[in-house]
Amino acid sequence: MFNTVSDLDSGQRLLVRIDINAPVENGHAQDNRRFERHAESIRTLLEDGHAVAVMAHQGRPGRDTFISLESHADILGDHLSQDVEFVPDTFGEDALEATEALESGEVLLLENVRMCEDELPEKEPETHAGSEFVQTLAPKFDAYVNDAYSAAHRAHASLVGFPLVMDAYAGPVMEAEYTANSAIQDREFEGPVTMVLGGTKAEDLIPVIERVDDTVDRFCLGGIVGELFLRAAGHDVGYDVEETEFFDHQWDDHANTIESILETYGDRLTLAADLAYEGDDGERAETAVEGLEKDTSYLDVGTESAETYADLVRESDAVFVKGALGVFEDERFATGTVTVLEAIAETDCFSVVGGGDTSRAIGMYGLDEDDFGHVSIAGGAYVRALTGEPLVGIDVLETAAAA
Ligand SMILES: Nc1ncnc2c1ncn2[C@@H]1O[C@H](COP(=O)(O)OP(=O)(O)O)[C@@H](O)[C@H]1O
Ligand SMILES: O=C(OP(=O)(O)O)[C@H](O)COP(=O)(O)O
């Protein structure tokens, strides 16, 4: 087991890793549940008299969502009702000066850690621990706190490097998500178990289908992952159109696995029978999969598919959701995601809804969180935990505690 912040003496200088990776609109972060949960954690730390320097990431280099954390500092500050100083630097002179000046009860947010060359890619914790980034920041603090459960599946420097060179603790969000998701892993269900997979990160979900083959009876697919499976099934969809960067690279890397999963587990996979897109008049339009065209962007599963998925949910004893079935942020393309979430809420089944973006749909469409078993701010990390796969960010905290 790992140490937690309740093991800390008060009044420490803390380096705290959180996950406020958020949707981006017009270059600005949009509030999601991650801010609220992390603000609660930070408030507890500040009340204990700690000085808190926060590290976090946003997007991935090369993507539109790869932006500075300046707007994140404002959102975090609003949730905290306290000023969060934004420092546009990760571990250079400005960052060191700002962290040195930080006093008990104060909080600052360092720049997007993925802008620091040492953060990516995935490496062994020992290698990350020796990086200039870790070696420069670690001595400036009394302890490191990892509260970023939702990023704990990534072997990046800010998540796995620091615990090897300083006292390391799990934060309150990390502890709560770990406890909830570990308990789910051990549950047994009498009736059908359904997994609804969508969103943009197909590469995180493809391996999950094989790993949970003995516990999940059927998968309902949508979003980018669903379109890639439709492509594998021979339909004209799942190709990048204009500026999109979702499909081709994930297809190039995973086409063989997708095709073999379709062959082996095809009877358990429910693919969309129709998809929705933006018609010439700007309204939602739909087509059966037989009529799909390679150069159209499909933004949701169709109404017939949404109803089929909702029927499967109603017959289920447990439902696990990771990723949205469409671009639910735009009301025209929320049908798939919302129809399935409403069916879960109305049904007496055990359910988990995960994903930083997907969990946001619950609040956006007036659903009651109490109608779901667990709403996780983690996506990829929660489905990985569900399959019994270790999370490297937690492993290093446990190793640190045992040392
Ligand atoms: N067909 C689609 N085309 C583009 N984006 C999609 C599509 N379907 C779903 N999405 C987007 O996927 C996002 C969620 O993806 P992802 O980041 O993988 O999930 P999460 O953050 O919930 O784990 C949603 O914000 C939604 O807009
Ligand atoms: O948003 C995240 O994961 P999620 O979309 O699976 O919930 C985490 O911040 C990890 O981000 P990454 O998938 O760019 O490494």
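Cβ coordinates are placed from backbone N, Cα and C, and glycine is handled just like the others.
Annotations in TrEMBL come from automatic prediction, not curation.
There are 21 other CB atoms within 10 A of the CB of R154 ((2R)-3-phosphoglycerate binding site), with all protein chains counted. Per TrEMBL, substrate binding site is recorded for D19, I20, N21, R34, H57, Q58, G59, R60, R114, R154.
Classification of R34 ((2R)-3-phosphoglycerate binding site) by DSSP places it within a helix. For R34, R114, R154, the entry in TrEMBL reads (2R)-3-phosphoglycerate binding site.
Under the heading ATP binding site, TrEMBL lists E329, G355, G356, D357, T358. The Cβ of D357 (ATP binding site) lies under 8 Å from the Cβ of P23, N32, G199, G323, A324, G379, each of which sits 6+ residues away along the same chain.
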Binding-site residues close to ligand 2 - of G59, R114, R154, E329, T358, only those whose C-beta is under 6 Å away: R154
Binding-site residues: G59, G355, G356 - member with fewest neighbouring CB atoms within 10 Å: G59
Spatial neighbours of G356 (ATP binding site), counting only the binding-site residues D19, R34, G59, R154 and Cα distances within 10 Å: D19, R34
Where the C-beta lies under 6 angstroms from ligand 1, the matching binding-site residues among N21, R114, G356, D357, T358: G356, D357, T358
Cβ neighbours within the same chain of D19 (substrate binding site) - under 8 Å, at least six residues apart: R34, H38, A56, H57, D147, A148, Y149, S150, A151, G356, I377, A378
Rounded Cα-Cα span from R154 ((2R)-3-phosphoglycerate binding site) to R114 (substrate binding site), Å: 12
